[in-house]
Amino acid sequence: MANEFKFTDVGEGLHEGKVTEILKKVGDTIKVDEALFVVETDKVTTELPSPYAGVITAITTNVGDVVHIGQVMAVIDDGAGAAAPAAPQPVSAPAPAPTPTFTPTPAPVTTEPVVEEAGASVVGEIKVSNSVFPIFGVQPSAPQPTPAPVVQPTSAPTPTPAPASAAAPSGEETIAITTMRKAIAEAMVKSHENIPATILTFYVNATKLKQYRESVNGLALSKYNMKISFFAFFVKAIVNALKKFPVFNGRYDKERNLIVLNKDVNVGIAVDTPDGLIVPNIKQAQTKSVVDIAKDIVDLANRARSKQIKLPDLSKGTISVTNFGSLGAAFGTPIIKHPEMCIVATGNMEERVVRAEGGVAVHTILPLTIAADHRWVDGADVGRFGKEIAKQIEELIDLEVA
């Protein structure tokens, strides 16, 4: 049976890609999930795996082609039925059929009904002014002898000059909208129009975490050849808090009109790249340690900035986290990634003088902002979730570096 290999959505709202490699040739066998093409978009360079197993009977794209969603790229015969069709060849446009010439027959304007004939693809007559023109499929009645009308010669119309291009207004310049920027814009509008957010901000005492991180980074350098970022600890604390508040790891299913709670916690990490925002995700973060999460953050960020992110990295995210603090910002109003339920933002940590045990002390304070879908959770729910995240950070619950 012939199966069409079509270009599917590569994620992040991008609808086209450029073929950079073809990994098989006609006649080769291929397995399910084996890569057949490599496609580059404005955000990712990704392999396209085959959804079918069988023999490749046609490859309908070339290296350098730009393909769009739904476009057939190859044909794979799984051997279950008729052989796959040969590769489609470019079809020359058929020569236009000769247009029959009819001599207009002067006749009075009529309102007679259209006449239909059996077997005619298009039937009847069109009444135009005082002449009758047959339609294909209907045999015209015999014309009455009449002198041909005299056509008066007319002079060729004077072509209208094209309007001159409008000059750019003084003091302005234009910036072309890239495919990636357009995709980001569409995603933001979709989220903003469909998800009414409730947003709360918390102050978290991260003093103990700061001290703990300083004490273990020597170990992390010697054992893992890396320091553990604060962001990795924050992500781990959020994942821990979701155990008590799983609704924030859910999504609304509009077709079934219900909330779906995801078993896996796939944490989307907002990465600022030279070309724009991209949100790959850490898969099954609920099974990972702080060190594992730290490694994933570094890996995803590096590959996002070098356009080496793969399709699976962008799909199936369940909750997102962004770090305003990396830019020195404390607060913001993050936009929830549709169709997720929640996004958590961490701000720039600051040393602050606070009251402590009858006196004052200097504490490290983390601003933490949560935006959640107000259709399905209330501000009080967000408040309890935020307090649980704060507790995880302040008490160093399950944040050990081993």
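Cβ atoms are placed via backbone N, Cα and C, with glycine included.
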Swiss-Prot annotation of region 'Disordered' - which of the ranges 82-110, 285-313, 314-342 it falls on: 82-110
Euclidean distance between Cα atoms of K43 (N6-lipoyllysine) and H374 (active site), Å: 30
Integer average pLDDT (0 to 100) for the domain 'Lipoyl-binding' (2-77): 89
Those recorded positions listed as K43, H374, and which of them has the most Cβ atoms within 10 Å of its own Cβ: K43
DSSP-derived helix, strand and coil totals, residue by residue, for the domain 'Lipoyl-binding' (2-77): 0 helix, 40 strand, 36 coil
DSSP-derived class (H/G/I helix, E/B strand, else coil) of H374 (active site): coil
